[in-house]
Amino acid sequence: MKLRRIAAFGPAFVVALALLALWEVYVRSGIVTQSVLPSPLAVVQALVDRSDALFAETVQTLLETLLGIVVATVLGLLLALALGLSSLVRQALYPLLVVSQTVPLVALAPLLLIWFGYDIQPKIVLVTLYCFFPITVACADALLSVDPDLIRLLQSMRASNWQILWMVRLPAALPAFFSGLRIAATYSVTGAIVGEYVGAERGLGIYMVKAVNAHATAAVFAAIVITSLLSLFLFVLVSFIERLALPWHQRTLPGKFGQQPERA
């Protein structure tokens, strides 16, 4: 089972190695200077040389990200319950929720800085805004997609709305909730980085700004690598939590079209 999981990502791993090799050859050919585009080996060297500073900035960004995800999850679940259980709330708020996604969050970042200052609060708010929509929509839609025959069966047994919610709607919505949470996890680090770009004292975003101003492109790429790894880590963490919370749930692994689903 585990070997099949690893083999499923084999082609992507080979392609990634080939692209890195082409990148290294391109830079070493002299077509472009290291100050403009550092080689992969130079990026690795920057990761080693600046490991202490990068670690401190990573901890700050991860803290902002996790706090934002927690806030977005709590608020998203509460609103999803309201949307899924009340047609009046759904008609009043769902269109506004969709319209809110047309607002560029990057444009809000400077305003959040004015309202909340340079501390951690504006970054948490921005991460929350990035994560809130996918969590809310995924969970609300799942609450509404429960088999109506099952609902009618429970109603015929005189089950209360609370019992139906607890016994049917919430368990049925959990897979969709985790799917939305995985999407939100990949967005979350971007929200923290954007907030730090606009104004911060610590974090990977402000680290990259300082590195760009110093023309230390290898350090910029090193921070980008860590940012990507953070997003991947959060994605895997959510998937791991899903496996613990939903051992019965099955997802199809990457592979041939039409293959039998395997346990997540």
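Quick reminder: no glycine exception, Cβ is built from N, Cα and C everywhere.
Listed features, source TrEMBL:
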- 58-242: domain 'ABC transmembrane type-1' (DOMAIN)
- 65-85: transmembrane segment (TRANSMEM)
- 92-118: transmembrane segment (TRANSMEM)
- 124-144: transmembrane segment (TRANSMEM)
- 164-185: transmembrane segment (TRANSMEM)
- 218-241: transmembrane segment (TRANSMEM)
| What same-chain residues lie close to the transmembrane segment (92-118): Cβ under 8 Å, and 6 or more beyond its ends? | 79, 82-83, 125-126, 129-130, 133, 136-137, 140, 191, 194-195, 197-201
| Cβ-Cβ under 8 Å with the transmembrane segment (65-85): same-chain residues at least 6 beyond its ends | 93-94, 97, 120, 123-132, 135-137, 139-140, 142-144, 161, 165, 169, 173, 177, 180-181, 184-185, 188-189, 191-192, 230, 234
